[in-house]
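Asker: The structure's right below; bear with me while I get my questions together.
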Amino acid sequence: MDNSTGNSSLSVLAGEEEAQEEAGIMTYRTRDIYQIVNFVVLSSLIGIFGVFANIINIIIYFKHRFHESMNVSLLGLSISDLFGILTMEWFNLCTNPLFLDTGVPIHPMGFQYATGGWPHVTFTRITCFITVFIAIERCLCITVPLKVKRILTPKRALFVVLGIYLIMILSLLPAYFSFRIGWEFVEEENRTLYTLLVSNEQMERITIAGNFVMQVICFFGIAGSNFMLVYALQQKTKWRQQGAKGPTAKATVRGGAADHAVTRDRKLGRMIVLLSGIIFLCYIPSTVALLVQLIEPGFSMLGRFRNSFFATWSFVWVLDAFNSSV
């Protein structure tokens, strides 16, 4: 081996070691594998199914009209799931190697972060809070069935759902004040590209902290509302079974009607608890990821551990796609 070949090999090894060090604990190649498998393949395929499923749900809820507040809430839930998947699919498209090889002088990761990442997170928060509202609504239907239609009219449910949308969208604004678009040399591309630049790190951390707090509130809201729902179902079941007891034929008829009502309430309760449980489990990884971002500033899109950041969120994306498609 001559000196030139040896020096070339050493330069390549040194470059790889430098890239490994700057990227943290994960190389760019490993990150790309995770992104292709999770972003481009898994979450995209699951998301396509979710788009059609949510469109069908939206059509069904429109056909049922809005005579009941529950239909309004479920419609709002399906719309947030649909837009959550659409923003996720755009994010995944920017990760696709075919898109990256077009030669356009932009850094897709920066644009996908701003136009797909944060909007997707916002719609997942909307989904979470609407789920809490639906659980509370169902709980009221069981505990105060004669008053619930006066308490929760379709118009009031609409105001609540729109309020959730408005608050969550407004909570996104600080994120857009934390960065700007400009030219920068991108190491992994080895060229200067039009990309996302952090202009206010403090504002970005405030946004991350706000999202973490929102997520924790969602968790407590889901846990609390489902606990109340299960407790209300148990109390209602006992009351109906006691009222159905008796030797007369009327009692037998009442018993059959009570059993039917109990079965119906149990099915609805189980469905809501199941959906809430799926949301709870699917959002745990994203909550942990947000907490790590707060503790370690380098765990971010432009930080030292950016490769680990994108690899971690690629798994979160798969769970989000599954949750929005259920």
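The backbone N, Cα and C atoms fix where each Cβ goes, and this holds for glycine too.
Because TrEMBL annotations are produced automatically, they should be read as predictions rather than curated entries.
Pasting the relevant annotations from TrEMBL:
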- 36-60: transmembrane segment (TRANSMEM)
- 53-326: domain 'G-protein coupled receptors family 1 profile' (DOMAIN)
- 72-91: transmembrane segment (TRANSMEM)
- 117-136: transmembrane segment (TRANSMEM)
- 157-177: transmembrane segment (TRANSMEM)
- 212-233: transmembrane segment (TRANSMEM)
- 272-295: transmembrane segment (TRANSMEM)
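Walk me through the surroundings of each of these features.
Answerer: Same-chain neighbours of the transmembrane segment (36-60): 74-75, 78-79, 81-82, 85-86, 88-89, 91-92, 95-97, 314-315, 317-318, 320-322, 324-325, counting only residues six or more beyond its ends whose CB sits under 8 Å from a CB of the stretch.
Under 8 Å from some Cβ of the transmembrane segment (212-233) lie the Cβ atoms of residues 125, 128-129, 131-132, 135-136, 138-139, 142-143, 168, 171, 265-266, 269, 272-273, 276-277, 279-280, 283, 286-287, 290-291, 294, all in the same chain and six or more residues away from its ends.
Long-range contacts of the transmembrane segment (272-295) within the same chain: residues 121, 124, 127-128, 131, 134-135, 138, 205, 208-209, 211-212, 215-216, 218-219, 222-223, 225-226, 229-230, 309, 312-313, 315-316, 319-320, 322-323, 326, each at least 6 residues beyond the stretch ends and with a Cβ under 8 Å from a Cβ of the stretch.
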Asker: Residues of the same chain, at least six outside the transmembrane segment (157-177), with any C-beta under 8 angstroms of its C-beta?
Answerer: 66, 69-70, 72-73, 76, 80, 114, 118-119, 122-123, 125-126, 129-130, 133, 137, 200, 203-204, 206-207, 210-211, 214
Asker: Restricting to the same chain and to residues at least six past its boundaries, which positions have a Cβ under 8 Å from a Cβ of the transmembrane segment (72-91)?
Answerer: 39, 43-44, 47-48, 50-51, 54-55, 57-58, 61-62, 66, 112, 115-117, 119-120, 123-124, 126-127, 130-131, 133-134, 137, 154, 157-158, 160-162, 164-165, 317, 320-321, 324-325
